[in-house]
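Inspection log for the structure reproduced underneath, given as structure tokens.
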2 protein chains.
Amino acid sequence: MEKLYVIKIGGNIIDDEQKLESFLKDFAALKGYKILVHGGGKLATKLAAQLGVEQQMIDGRRITDAETLKIVTMVYAGYINKNIVAQLQANHCNAIGLSGADGNSILAHKRQHPSIDYGFVGDVDAVNISLVHALLQQQVAIVAAPITHDQKGQLLNTNADTIAQEMARSMSSLYQVELIYSFEKSGVLLDANDDATVISKINPGYYSELKAKELIFAGMIPKLDNAFAALQKGVHKVIIGKAEQLTQLVAGEAGTAIQME
Amino acid sequence: MEKLYVIKIGGNIIDDEQKLESFLKDFAALKGYKILVHGGGKLATKLAAQLGVEQQMIDGRRITDAETLKIVTMVYAGYINKNIVAQLQANHCNAIGLSGADGNSILAHKRQHPSIDYGFVGDVDAVNISLVHALLQQQVAIVAAPITHDQKGQLLNTNADTIAQEMARSMSSLYQVELIYSFEKSGVLLDANDDATVISKINPGYYSELKAKELIFAGMIPKLDNAFAALQKGVHKVIIGKAEQLTQLVAGEAGTAIQME
């Protein structure tokens, strides 16, 4: 099986022009099949404020009313996605930007919740494996925006971490997938306040041990649970680390690799 | 050679929710290879006003400063493009939305003018024929937004009529292309005020005759000159007519067909 990298970059990189530029240079230089999933950053919040569209958050999640959906569609699938693609082209990396509606690449449904109305938020149902495969085989990198659709004409705001995970999981039927989550820290740390204490590799046995000894800080547990869930669904390796170190993350020289064996 | 339709819809359709919905139903039902090129409509102007970004027009053309480019990228490549794609998916037409940066589909350069600075406006250099062909062969309709790039990381605002013409011309090496321009009127009219006087077919001989007898109204001449230029560059047929009559335009039952013979 050929290798495929599914790489998620968070808002902190999107919001920093220089960091983003440097990250995209590294991404462009990466050999092989690759998918970049980007979050939103602060631009949508800023635009909403400028337009006087009030933002409602519940448990850290944005409630997506019709006006907010319009804003995130413009910002995520328009401004951010197209600027990333244009910069990749400048770095001689042919790339194509997709929302989930494009090529029916990510099908979702509007979130149903017994008590909270999240608005136009989508939970992923399926990735169009054959379309994604066909594009990758054209030597085109895919840049996925966190917007999906329900195949009934409705666009939906969708969590970028989830999109990365669903992409990785689904493409595992055709590729050996490495899922890379970039965030602010250098990886999974033994001491949350010391970036030098990165754990280079975690397998299920070691994970149990770390949890039993309470050597892992609480905020990291859901991320690691998600990583192991991805591995159980066929993803070959999950890597967590700093976006600024993409090249080293991929080479296994930085970050934390989460693997079954 | 297989047939390919390149269909341009103007702002008057984009701005009218019901007309757009009906048009997209017709487009979705169209058999065969197809590309839809959409203009911008009034949404960008409205958003610019809301954000207090002053719009400067010279000879009916929008000067695209950095803030305006951001707005048109959000509106054209984000909001309008993704909503069109989502609606086509709802009508069981698999479609993919592209800016010129996506897949390097349309390469352009920033317009150089001896006296006017148009800002971030692009003039088209090349269409990526092989990428467009590969997508079409996946049975995917292409929805092109009027945003291009210069392969140096710069997005550029580009006239949608030009994009339609360049797409049609370039794809003529692989397909028998019919280029359809939809506008407010039913076609080329003998009497500009009477929609019933549509000329069903114009070839070069008849065009000379119409011009010599001054039977054609002045505003139509640049459109027809452009149409004949497209034919000379390999486009098989140019059709001008009402978007509401797309099915009939394609079937040759409405509008004006402009052909060499």
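Keep in mind that glycine also has a Cβ here, set from the backbone N, Cα and C atoms.
Where the annotation comes from TrEMBL, it is an automatic prediction and has not been curated.
Copied over from TrEMBL, here are the features:
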type    : residues                            : note
BINDING : B:Gly40, B:Gly41, B:Arg62, B:Asn157 : substrate binding site
DOMAIN  : B:3-241                             : domain 'Aspartate/glutamate/uridylate kinase'
SITE    : B:Lys8                              : site 'Transition state stabilizer'
SITE    : B:Lys223                            : site 'Transition state stabilizer'
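Long-range Cβ contacts of B:Asn157 (substrate binding site) within its own chain (separation 6+, distance under 8 Å): B:Arg62, B:Thr64, B:Thr68, B:Leu69, B:Val72, B:Gly119, B:Phe120, B:Val121, B:Gly122, B:Pro146, B:Ile147.
The Cβ of B:Lys223 has fewer other Cβ atoms within 10 Å than any other of the recorded positions B:Arg62, B:Lys223. Those residues noted as binding substrate (B:Gly40, B:Gly41, B:Arg62, B:Asn157) have their most widely separated CA atoms at a distance of 14 Å. B:Gly40 (substrate binding site) and B:Lys8 (site 'Transition state stabilizer') have their C-alpha atoms 11 Å apart, to the nearest angstrom. Counting only the Cα atoms, the space from B:Lys8 (site 'Transition state stabilizer') to B:Lys223 (site 'Transition state stabilizer') is about 13 angstrom. In this structure, B:Gly41 is the one among the binding-site residues B:Gly40, B:Gly41 with the smallest number of other Cβ atoms inside 10 Å of its Cβ. Cα-Cα distance from B:Gly41 (substrate binding site) to B:Lys223 (site 'Transition state stabilizer'): 20 Å (rounded to the nearest whole number). In three-state terms derived from DSSP, B:Gly41 (substrate binding site) belongs to neither a helical nor a strand segment and is classed as coil. The residues near the substrate site, meaning same-chain residues not in B:Gly40, B:Gly41, B:Arg62, B:Asn157 whose C-beta sits within 8 angstroms of the mean position of the site's C-beta atoms, are B:Gly11, B:Gly39, B:Ala44, B:Thr45, B:Val72, B:Val75, B:Tyr76, B:Pro146, in sequence order. Confidence across the domain 'Aspartate/glutamate/uridylate kinase' (B:3-241), taken as the mean pLDDT and rounded to a whole number, stands at 94.
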